[in-house]
Every structure is written in C-alpha cells, then in structure tokens.
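So that you can see what the record holds, here are the features copied from Swiss-Prot:
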type     : residues : note
ACT_SITE : E60      : active site, proton acceptor
ACT_SITE : K129     : active site, proton donor
ACT_SITE : C162     : active site, nucleophile
DOMAIN   : 14-257   : domain 'CN hydrolase'
Amino acid sequence: MNGLGGLNKSPEGVVIGLVQLQLPNVVTRADLARQTERIVWMVGKARRNLSTMDLVVFPEYSLHGLSMDTNPEIMCRLDGPEVTAFKKACVDNRIWGCFSIMEFNPHGNPYNSGLIIDDHGEIKLYYRKLHPWIPVEPWEPGDIGIPVIEGPKGARIALIICHDGMFPEMARECAYKGAEIMIRTAGYTAPIREAWRFTNQANSFQNLMVTANVCMCGSDGSFDSMGEGMIVNFDGAVLAHGTTGRADEIITAEVRPDLVREARINWGVENNIYQLWHRGYVAVKGGAMDCPYTFMQDMVAGTFRLPWEDQVKVTDGSSCGFPAPTRMYGKTAKAAE
C-alpha cells in the first residue's frame, strides 16, 4: 500500500518524495551557487510533480558532489546563502525539505550535515553524520547525536546519512527515541547496491519503522551513483523503489505513521524493539530486563576491543590519499598544533 505513489492520499498519510538527483561536479563558489539553484528548482519540481507531497528528500552530496573536497571556500554554514535559499524554497512551495551540506568546522575537518526544513522555512532537524564512510571520507565524526522531530502530520522523523545505515545500532537508536520514519540519504555507488537494499529493509523490519532512503544518481565523469530511492514499510515490505537509475526522477509513496504506532503497540510476534528489553516474557514476568551483550557493556566502559583488533590493516585514510591524523576525537585542530 502506497496510495499509488501518493496520488491517493489518506487522511493520516504522509507523502514522501525521494529525489534521485543528478550527481554534480562542484569545485568553485560559482559551481556551488549553480548547484544551489538546481536544488531549489527541484524543490519546485517536486511540488509541481505531486500536489499531495509533504516532504521532499535530497541525497547526501546533492550540493557538493562526491569529490571529498574540504576547501573552506565551498563549505557551508547554517546562516549561509545555500541554507537561506533552501529555506525560501520550502516556503515558496509549501513543502518540508531534507537537504545535505558539507559544513565548515573552524575546529577541525568539515562536518557532513543534514537538515530538515519545514514549510515555514524553519530548521527543525540538524544532524551531523556520526559514521563517515572511512577510509574514503575525511569528514569530522558527528558529535550531536540523533535528533528526532515532529514532522508533517505529527510524524516522528529521524535522519541518518549513508554509511550510518550500515550500523543496526543507528536505526535502533532512531526508533528507541520514537522515530516512526527514518530518512537515510546517501551518495553510494553501484558496488554497494545489494547492501543498500537489504540494510534498508532490515532497518525497517527490526524496528517497526518506515525508512525512506535515496542516493545520488548518474555520473559526474568520475563516479557513478545509483539512485535506488527506496521507501520501506515498517514490516520490511518495499513500497516504492527507483530501479531504473534515471537521474532527477522523484520516487514517491504515501506512508502511514499511525500504522507504525498501531503495530508497535499491538504486535506480539516480531515486536523486536520491545522484546530486546523483555526477553522471554512468556517464561518470566515482564521478561529478562538486563544487558547480556558484551559489546554494549564494553562500549559504555570505554573498553570495546575486537579479538582481531591488532590485525586490522586499514586504520586511517592514508590508503585514500589523506594524511594520517594526529588529533584525538574531542580535541580541536588548534589545540592539537
């Protein structure tokens, strides 16, 4: 059930549009300005495409492309012209929007950040990618956790970025904090296609949570991104899937946060996020409420260590042309000098 891509919208439905944006090549400030205009135009296209659409989602790297360029001249700020333009586009088109920026960081490497802006032009969600795609990406690891907001129709929404979604703990954190819809934006290329598909479905099923996932699309002359917009229902069933690889196509579906809430309350079999803390409640009252997972205990204690830790060969970005870092997490670049 997806309401024919949102054409037939139910009273409780939220219609999401995933933009499989053509992969750009952004090097200069002028390139950045042109790509900003392109995204603004696509917000308008989304509204013209489907009058029922509540939220339009742009992929990771939609503004900067896949070059991994950390040049401060093309990094964004929350009060900069790019974000200002996105805010205006949401107001002008009466639509919520999810956008990607590479954000200037005066204390270290840039952040890979995501924003959700409402139809009044207000930033409602601001997230910094927790898990950069190492060793390929140079971005500073995020430091503000995973926010969950109230979006269109009161839907509880979270945002994660690309590689984040390969960690089941990320989707679990979103759901634990109440998210009914988890957005996953990405710049992934074709070698990740199958992992992209099954993790999107697993993230939904394991948490009784809708996921809306989209990559960049097309080629910039060096890289080929795959599109693969996927909207997955809370039971893991795919509601909509962009399989043609057609750049600038908008994949749409209606999702039902009210049915997510209903399932979380009423499901017995496979209500996994509840049962995680209530193991074996048939045998013991309330189930076992403990933490039998060694890795969780060790992370909290700061002693997480793999049995093969000392054998791991790739532990910095030097294989991808980045200098080995000397600064520890939590220390500013200036303090490390």
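Cβ atoms here come from the backbone N, Cα and C positions, even for glycine.
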Euclidean distance between Cα atoms of C162 (active site, nucleophile) and K129 (active site, proton donor), Å:
8
Looking only at C-alpha atoms, tell me how far C162 (active site, nucleophile) is from the residue listed as 'active site, proton acceptor', rounded to the nearest Å.
7
The predicted model's mean pLDDT over the domain 'CN hydrolase' (14-257) is 98
